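Participant: Please read through the structure below; I'll follow up with questions.
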Amino acid sequence: MSRQSTLYSFFPKSPALGDTKKAAAEASRQGAAASGASASRGGDAAWSEAEPGSRSAAVSASSPEAKDLNGGLRRASSSAQAVPPSSCDFSPGDLVWAKMEGYPWWPCLVYNHPFDGTFIRKKGKSVRVHVQFFDDSPTRGWVSKRMLKPYTGSKSKEAQKGGHFYSSKSEILRAMQRADEALSKDTAERLQLAVCDEPSEPEEEEETEVHEAYLSDKSEEDNYNESEEEAQPSVQGPRRSSRQVKKRRVISDSESDIGGSDVEFKPDTKQEGSSDDASSGVGDSDSEDLGTFGKGAPKRKRAMVAQGGLRRKSLKKETGSAKRATPILSETKSTLSAFSAPQNSESQTHVSGGGNDSSGPTVWYHETLEWLKPEKRRDEHRRRPDHPEFNPTTLYVPEEFLNSCTPGMRKWWQLKSQNFDLVIFYKVGKFYELYHMDAVIGVSELGLIFMKGNWAHSGFPEIAFGRFSDSLVQKGYKVARVEQTETPEMMEARCRKMAHVSKFDRVVRREICRIITKGTQTYSVLDGDPSENYSRYLLSLKEKEEETSGHTRVYGVCFVDTSLGKFFIGQFSDDRHCSRFRTLVAHYPPVQILFEKGNLSTETKTVLKGSLSSCLQEGLIPGSQFWDATKTLRTLLEGGYFTGNGDSSTVLPLVLKGMTSESDSVGLTPGEESELALSALGGIVFYLKKCLIDQELLSMANFEEYFPLDSDTVSTVKPGAVFTKASQRMVLDAVTLNNLEIFLNGTNGSTEGTLLERLDTCHTPFGKRLLKQWLCAPLCSPSAISDRLDAVEDLMAVPDKVTEVADLLKKLPDLERLLSKIHNVGSPLKSQNHPDSRAIMYEETTYSKKKIIDFLSALEGFKVMCKVSGLLEEVAGGFTSKTLKQVVTLQSKSPKGRFPDLTAELQRWDTAFDHEKARKTGLITPKAGFDSDYDQALADIRENEQSLLEYLDKQRSRLGCKSIVYWGIGRNRYQLEIPENFATRNLPEEYELKSTKKGCKRYWTKTIEKKLANLINAEERRDTSLKDCMRRLFCNFDKNHKDWQSAVECIAVLDVLLCLANYSQGGDGPMCRPEIVLPGEDTHPFLEFKGSRHPCITKTFFGDDFIPNDILIGCEEEAEEHGKAYCVLVTGPNMGGKSTLIRQAGLLAVMAQLGCYVPAEKCRLTPVDRVFTRLGASDRIMSGESTFFVELSETASILRHATAHSLVLVDELGRGTATFDGTAIANAVVKELAETIKCRTLFSTHYHSLVEDYSKSVCVRLGHMACMVENECEDPSQETITFLYKFIKGACPKSYGFNAARLANLPEEVIQKGHRKAREFERMNQSLQLFREVCLATEKPTINGEAIHRLLALINGL
């Protein structure tokens, strides 16, 4: 039986003493329950789950918990003034429709307040009327005059379907019956129905003022100065400082919900005026972003909680009189101070709102829990952090503590104990709440606002989830979205089926519906749009050291871009420096890494700690979390991930099937060379399963095997044979990508000044992603490179078409990601058992509209693609490039065409449903012929309706009465309404009387019952089809995924080719087509760039300052003078351009093999299989590697992996150690590169002794960056150095380091002292050299007398 309550039950706690206007502002987002819940039930629901049957929701004025509040709140409410009845259109005894914020219109009775003796109050310009709500347990309250309408009966037009007051809710229908009964009575009799005459709760009066203030603030006619809502200076002590800035405090909840009131919100999409203006805990700066939040937002109901307590107390005492409620003023101040907002976020973080009046900072409640303190914390198995198997993602919560919690809070702690590493967004009604330590994160990272109370608590509305969750995820947090997965009605039904129901059962179910991390973002309609176009990978890694040697290892890897649903899986051996693994993470940069605990070697840990320190890294427990290969295969087969394509059997994708043992036809035995790869996949599958996105991603069956780029690079193969393979790619490792600044610059880590920025003019996101992959792995096959260059020239030859195509491509959305989204929405697996399918979403209509908008955007995008294909197909006959012809030619018109013919399919979708109606309503109603289930249901409905009409005609003829008609609604339809004069005659025995009215009787027959049952069944099937219509339509669209994906791939290739063509014809200065020569027996590796320029500097620095240079290595014309020298020693003055020249050579080689024109007058080269770089000087602090160690590590990689076809770029090797050590190492490296490996090398150095050593070598050629020296003398301050930036033959005599010192503004005396010291070193070096020559000369038959004289002269000069 419903218990009696007051309107106070609907609203949260009241404001501080003397601050009623601030209360009006703060209450704007407080409390509402489900639309359509009755007024009394709305108040009771706040406590029903926590303590069923208790009356603790309405805190009695005599209880200790309420005693401190009553007096203060009565004083606050005294500001409301009684006004003459003439100011109101209603009088006591009138029946009205009344609407309170967040509730539907409700039948009410106007009557005088039981103690004030008036039914009207005025606050500012607003007028309120006292009413009693008709309900099982009548309740009363003050309602705005503007929210009252005359009640004219349940049969009135406005109360019927389509009317303003119509409702199908049973509570309202019962209230209307009571109001109809009252309508037939006179005023005196009606007033006797006013039975709710208990002493008024003080909070009721104050909270009604809050409600009215909110409404009046929204009204133009009742608008008053906003400054009245500003928080006023406090008179209660230092804790209550005034707020200086005018702002509305937007609050979502009070500690009552934290305490587990567990108020549930049941969305009602039919409710008018519901929106999201109330933003829980969201700062004012965010309020404009929540643009869809308008006035009339349903407010969440709040119940009062005992101050500072964890559990509600059941309060039995009733208030005897208003006098008994008078409190002690000091106690009131102390209690009400709990409701004041701290002045700044810093104080919010430390000062509790528990009513403590002390001036010093206190701590949040969760910080006082002993078992939660770091020194006492344990995991779920009670293991301490120093235990080797400690699990930091779980938390031990004592059972006695859980038992002391209210049901809502108990559920939160249970979820938190299993997911301690997550920030939990806990759904309460239409808001996501953050509690305890999560709330502290929300305030510090998101700018939310703490709620009042000694429990840390903040929140925000549902519609803002995407923005706030993404903000936390980008900062490295992991977010769990917890949704309500049953309504209160469903909970009640569940409890009725249980034999024994505890208070913990009487709480609606909540489940984790999604865990979001950096590596698992899918950008669903809740998550929002991606912030960048490039892929972000989740990488799983398993390692095994080779038994034969401790210096090599084998990696199993699996990585996935969750926004696309594309998996890469592979297994490869690697060296002790993890070279291949470093290259992988450079080409596919992960944002999150999974690995098996205890599995990684020291070298791999060094890579993770150094190069990948910014990634989230998570160790998984072997076996239970990081699965072995066998468990992975079994899970994939038993999970049914790869069914749904018309075949009920589960078949592994070809890539995975190829990794199983050939002897096992079932596919449960891993292949010998794939165990680690499949185990790495197991780690990924486990994590995706944990994040609840395994079904939507794996069901796409989009797998690709990963092979290291240098797999085919073997130095022993026949010269040039490897380059005939179209699959062969140039290897650019992580060091090279960084040193050449291909993707990110070394200054601030952005793309400014990089090759990617220079080239990237792609119009589509998927084109940008493809360009990046092409840059990671340029081609090596001369024929493939030439075909791309042909495509560039073909496009340059049709500028008009290119302009039209470019304009069309700009209109395309990210179709690659949209296809993944559509697949996820249409997934039948997800719709069957995923928690999201049970979630109660307040903004469901908004999300449906977003899904439809995405879908229609995809359809429009594919139409644009067809136009693009058609435009270029007109001129495709003149194209020489095979690739370009393939991507623009329809498969239906040419066997070599790759672009699918989408015309028929797109026309089918144009007629599938009303696009504009679906866009506006968020609902899809399929047209005839598109959805067989829906069509069959409609056909059955028409058939049964026609059958019933025919039966009516038969009964009319049978009884000889043409006035017989059908009557009834719902399941009581199709009653034969027969005039009474006919009904009195002998009727057939099968006629069963159902109802009567004056003048006629109504009958059913067995035939009607049977036909109606068939009709109802057909209608239910229709409704079920409509409910699941969007998913099934998306699933239908996804059946042609291969065609859609092929179209995207073709347009992506076209977009990148257009990008290359755009650069090729728009470069600053001369541009040339590279000539790639296949090496053979008579053609040795060479590189010839004439008049070449740096591709990026011309964009960064405009003008004619950049000097073009010739770079020749191994060319015939050079061989005539100096022999075939593959190594060029580059010298020159500091800041003379040596490093720029070296980077320029590497970038031009990359661009040439990418298939792009290069900024040069001439470009010829044999394919480069790999570019190595040793540039710059920096240490790796995180890896514990010094500057010199980094130099030697990079050099070791060069010597270990370089082949005769490689391009090696070394800049000042040896500078990180002692001069003689550095010189010796540099000398040895040059010798190895020039004489043993014989690869194309540019080696810059300031070691002039190195130049002298190789000045006569036929394997090494000398070159330097020219400069002009004026006033060269002993005094460096008198010299003037002019850099010519021209690369010419020969060696530079000096490095002119003191010129660089002067340009850097070193003190002159320091430069002079340094110069004198340098002269001393030079003389000593010359002396030692001459002495060595003398000593060598003594071994010869004749003595070099000239050398002796020079030595003596030098010694005398010292």
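Positions of Cβ are set from backbone N, Cα and C atoms, glycine also.
Take a look at what Swiss-Prot says about it:
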type: REGION; residues: 1-87; note: region 'Disordered'
type: MOD_RES; residues: Ser14; note: phosphoserine
type: COMPBIAS; residues: 25-46; note: compositional bias 'Low complexity'
type: MOD_RES; residues: Ser38; note: phosphoserine
type: MOD_RES; residues: Ser40; note: phosphoserine
type: MOD_RES; residues: Lys67; note: N6-acetyllysine
type: COMPBIAS; residues: 76-87; note: compositional bias 'Low complexity'
type: MOD_RES; residues: Ser91; note: phosphoserine
type: DOMAIN; residues: 92-154; note: domain 'PWWP'
type: REGION; residues: 197-360; note: region 'Disordered'
type: MOD_RES; residues: Ser200; note: phosphoserine
type: MOD_RES; residues: Ser227; note: phosphoserine
type: MOD_RES; residues: Ser261; note: phosphoserine
type: COMPBIAS; residues: 263-273; note: compositional bias 'Basic and acidic residues'
type: MOD_RES; residues: Ser275; note: phosphoserine
type: MOD_RES; residues: Ser280; note: phosphoserine
type: COMPBIAS; residues: 329-351; note: compositional bias 'Polar residues'
type: MOD_RES; residues: Lys503; note: N6-acetyllysine
type: MOD_RES; residues: Ser932; note: phosphoserine
type: BINDING; residues: Gly1132, Pro1133, Asn1134, Met1135, Gly1136, Gly1137, Lys1138, Ser1139; note: ATP binding site
Participant: Would you list, in sequence order, the residues of this chain other than Gly1132, Pro1133, Asn1134, Met1135, Gly1136, Gly1137, Lys1138, Ser1139 that have their CB within 8 A of the centroid of the site's CB atoms, where the site is the one recorded for ATP?
Facilitator: Met1265, Phe1283
Participant: With DSSP, how much of the domain 'PWWP' (92-154) is helix, how much strand and how much coil, in residues?
Facilitator: 3 helix, 30 strand, 30 coil
Participant: Just give me the nearest neighbour of Gly1132 (ATP binding site) among the modified residues Ser91, Lys503, Ser932, Cα to Cα.
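Facilitator: Nearest candidate: Ser932.
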Participant: If you measure Lys1138 (ATP binding site) to Ser932 (phosphoserine) at Cα, how many Å is it?
Facilitator: 72
Participant: Output, ordered by sequence, the same-chain residues six or more apart from Met1135 (ATP binding site) with a CB under 8 Å from its CB, or 'none'.
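Facilitator: In sequence order, Phe1283, Ala1300, Leu1303 meet the Cβ cut-off.
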Participant: Could you tell me which of these recorded positions, Ser91, Ser932, Ser1139, has the greatest number of Cβ atoms within 10 Å of its own Cβ?
Facilitator: Ser1139
Participant: So if I draw a 10 Å sphere around the Cβ of Gly1136 (ATP binding site), how many other Cβ atoms end up inside it?
Facilitator: 27
Participant: Which is it, of Lys503, Lys1138: the one of these recorded positions whose Cβ has the most other Cβ atoms within 10 Å?
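Facilitator: Answer by Cβ density within 10 Å: Lys1138.
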Participant: Would you report the average pLDDT that the model assigns to the domain 'PWWP' (92-154)?
Facilitator: 87
Participant: Could you say which of the binding-site residues Gly1132, Pro1133, Gly1137 has its Cβ with the most other Cβ atoms inside 10 Å?
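Facilitator: That would be Gly1132, with the most Cβ atoms nearby.
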Participant: Asn1134 (ATP binding site): which of the modified residues Ser91, Lys503, Ser932 is the nearest Cα neighbour?
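Facilitator: Nearest candidate: Ser932.
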Participant: Of the modified residues Ser91, Lys503, Ser932, which one sits closest to Pro1133 (ATP binding site) when you measure Cα to Cα?
Facilitator: Ser932
Participant: Near Asn1134 (ATP binding site), how many other Cβ atoms are within 10 Å of its Cβ?
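Facilitator: For Asn1134 (ATP binding site), the count of other Cβ atoms within 10 Å is 18.
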Participant: Nearest to Ser932 (phosphoserine) by Cα distance: which of the recorded positions Ser91, Lys503, Gly1136, Gly1137, Ser1139 is it?
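Facilitator: Smallest Cα separation from Ser932 (phosphoserine) among Ser91, Lys503, Gly1136, Gly1137, Ser1139: Lys503.
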Participant: Between Lys503 (N6-acetyllysine) and Ser1139 (ATP binding site), how many Å separate their Cα atoms?
Facilitator: 74
Participant: Under a three-state reduction of DSSP output, how is Gly1132 (ATP binding site) classified: helix, strand, or coil?
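Facilitator: It is coil.
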